[in-house]
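Notes to accompany the following structure.
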């Protein structure tokens, strides 16, 4: 689906890249413009350059049981909110209420709090924004409300803006230095540089821009380029026309060639217009130390149309942002601000730009200060911030482990009070992983308060993402929309009567039973965005927005606590927020959507003041089923059929956790609390009455009896109240979620839900016990009874151990009453949630509800092996299939379509990272392991690295980070990636893959030094044979095509391995061919699915490539058939060894060259007219570096080439090569090889002679005018060229260079360019720099300046001076 953004009159295309943050930007339907990491679920929309998905970029359903509304009850022990949310359908906004709705504060009481306490507006609080980066020029983000600098630091934690500046140069007497791009640069004489050392580096500027900005700049650049190219085409066409007018009849060969040259120029210019691809200009960076700090200057002339703009010497030098808080702008066209930071003693320069508008928008919600219009202020206008970029520009703003760890280090280094992180993804395990461990350590040791978005994956339950919704030490925030927000920010015609959770806001509980969402806050705002967007503010919505809203509101609390001397603790703040929130919705299970409710700043402030003298304690909860030690959870979650239909007993361990440094005698020993235990429903969840809790913790039992519950979701809480201070509210809560699924009793198994009525924001949840034997479901939705277009989210979700939630999702739009059908896989025997939601803003203004009928028919073919592995032998695999519920058509289809080739590292480098940005809170320095792999492609292919141990996990892994880079021999980078590798198109050639791993534990990294990496690429589909007999794959008999499975009756067939001719040639042993197999087909689709993916459910299949066939023993020596005597053969062997020895001699010094000449003379006298010897001498001369007298060097090459030519009997060689007969014996075969080798040596000599003559002519042409000698040289060149044409195709890639030089000599640069371009296009190996330099010279000679600039930019892409830093 194509999404577009209508923002204040400007139409923006949907983002090209899905980052990993829980973001959102408004569309006309206010769909969450979420950028979060890829999940194992369907993609609603996708395009490369971005990763678009609902777990990516799509609208998300929300999950709340009924149409939610803000209730008036208190939140636990706290007071009730005072917001009146009666129906406001008829209200009208005035200017002030409209502006207030753009940055909603009323909903969470922030406006009331600041009005009552104007100096507690965030002053004294520092917030770290972990996001996509930040624009320091953005509106409202310059100063705080009390005049302090708003931004204390701007850091790129990902390394995506890093430039290697380890190369040191010195200026010449004219003040010139050579930049890393090769461009001469003038340094400003006023710049202080005591050492005189200038460090240089360069970077393609598009690597620093977002995709959106790059597209805009490219569009402008293409427009200018097209104008220049059209101008040159017009000139070229005119020259051709004038020639034709002057020469009406062209018979002369020279004139024909001249016209061909003119035509080639026209054709080349037209071709360039078709093949234009802008890789962007290169900027040069210079770093130096002025005696006090490191300084940075950029040369950005390549970005400017005016040659007098962007010069290095005119740049106002920057230093690390935290020192002077200055930033630069690349050019007027891009309007992109950047910050510079220098690391590692000047060896690394970090150019910090944002990777999307998201981070600036988030920072604005948290803390923007607009003196001219306070209603647009962020939550905490007095707070200061640091920006920690975790969204890697190289990955389209996806976060990396490196970015996350460095961001946390930076937050602690700056003594931040709060962190906001609006990123996340689904996780395999909740509350688990290296980043989670580091955050928990920071919260415990440094009292850092960490706030994060819960996710945009609703409306289904158990969709909260990591880390925000799954981590105990992080406050996870859901997204709420009020009527005022709907009317003002979203501009709907008729807002909802009551506030509700956004449809797409992720829901709890976590898979281990924790609530998931802690509290909710306003999930949309019009906030500042980067200047490069060419607007000041933008509407975005998502939990990405609710998180900074809550974070900024917490900053107000911390500001007050610091001012009043109240101890700040994440534990006490969280308890205050939860116990004073206003509940949203009437039902207990609404907490799964909204957490404890909508936060209220003023009430939380009163709570903190009232209970400031109580211990700052976090109550860690561990829950186990009685009698079992594993698994341990944080709540009770009964979801599966058996567990939710019987009584169970649980053991709950409560362990008070104090902050590190708490006094044993003053805090730990005296800690003792008498707790009164409560259950929200004693009939279902029974607990003891009291618990005496001490520092070492206590346990108690809980009995859960769900046997009398009706179908659906039920939520209860067990909580503890301080007997001595019950007004504190619950000190801890233990969520108890029970799901009672419906059983499908009918056969065939069909279940339907009739006449469901939907209004805007309404959600229906149906829980179904998937029948045993079901593997897929076919569903139909029918809508009726409405007038305007309606949009629905349809989600299904199942949970299985040690897997991310299995989610299927669909967004369906109904312009009129109609029906839609779809199919999705299911897991047999597990509870499935069906969540149907009418999008919160769909149907607003209409009085007609939507009537929905929904029917699900379950189908299934069960097999004895879900994953099939063929071991490489000829034996087939027997597959047993069974239909347990109803008859099904068995139509197996098995296809292998990818190959994975394993590689071991050829090099492993382990080093300690030098910079402070890689030193942990514990003081440990992070180490990096760089593994190097080499692979070769015999033809162009799409490849993808596959690392089974590390892929697809960023939060739920104990490893810190991974990053890979694929480059060719020229150091050109073709692909980069991290935990989610993507396929990249690579041309034929040899490649190097470098894998970069980080951790502070050297033992872990040592274990990975031999880590296997697979290179996966597509191959032609290989269909596997199916047989009813075990010998079928060999005999070819008993082919199996299809059958009808009767309920309860098993049938079997054999799956054969691929035939040897189907295995790609030269596939190494241990490679794996992978694909899929399917067994059934859709009942409503008559077509036979020829691909397993066309069918409702498919399973992985693989084939392990066996050892290759041993090479046949080489035949014994040819002594028996050779006519040569032993002494003759010995003499030849000795000669060949001497020639080989000559070729291995070095010629680096004059002494080496003198010894080499002596040996040459000796061997020539010993073996006169030996073509192999003379060819080796020529080869050695060519390998000698050009130094000293170049004219003499080329003359020496010509003489050596002549000797090779004279040593060959040309007539005899020609006669032999004209023979077409095949050799009849080994001696004839050897003679043929010898003559072909001689031909190749002759051709090489003629070719090298021609090159040397052309270069010699060019060198001499600079010294003398044309005369008889030069004319004679030209004749000799033509004579040599014609001789070469007799033996080889001079237009082939090997000899084409000489043809190009010939055309250039004859003043036909257009033809030369045509020949050279064809040669480059047909080149099969890695790009040759010499060819592109020759192309550049021809363009300069013709005078096409726009193409010269274009090719110079491409030279930096094809032939960079070094690999980029990780």
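Glycine too: its Cβ is placed from the backbone N, Cα and C atoms.
According to TrEMBL, the protein has these features:
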| type | residues | note |
| --- | --- | --- |
| DOMAIN | 122-586 | domain 'Peptidase S8/S53' |
| ACT_SITE | 131 | active site, charge relay system |
| ACT_SITE | 358 | active site, charge relay system |
| ACT_SITE | 544 | active site, charge relay system |
| DOMAIN | 630-739 | domain 'Tripeptidyl-peptidase II first Ig-like' |
| DOMAIN | 760-842 | domain 'Tripeptidyl-peptidase II galactose-binding' |
| DOMAIN | 885-1067 | domain 'Tripeptidyl peptidase II second Ig-like' |
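Taking CA atoms as the reference points, residue 131 (active site, charge relay system) and residue 544 (active site, charge relay system) are 10 Å apart. Distance from the CA of residue 358 (active site, charge relay system) to the CA of residue 544 (active site, charge relay system) is 8 Å. Comparison of 630-739, 760-842, 885-1067 by number of C-beta pairs under 8 angstroms to the domain 'Peptidase S8/S53' (122-586) places 885-1067 first. The number of other CB atoms found within 10 A of the CB of residue 131 (active site, charge relay system), across every protein chain shown, is 33. Cβ neighbour count for residue 358 (active site, charge relay system) (all protein chains, 10 Å cutoff from its Cβ): 35.
Counted with DSSP, the domain 'Tripeptidyl-peptidase II first Ig-like' (630-739) comes out as 11 helix, 58 strand, 41 coil. Per-residue pLDDT, averaged along the domain 'Tripeptidyl-peptidase II first Ig-like' (630-739), amounts to 96 for this model. A 10 Å cutoff on Cβ-Cβ distances gives residue 544 (active site, charge relay system) a total of 38 other Cβ atoms nearby, all chains included.
Secondary structure of the domain 'Tripeptidyl-peptidase II galactose-binding' (760-842) per DSSP, as helix, strand and coil residue counts: 0 helix, 49 strand, 34 coil.
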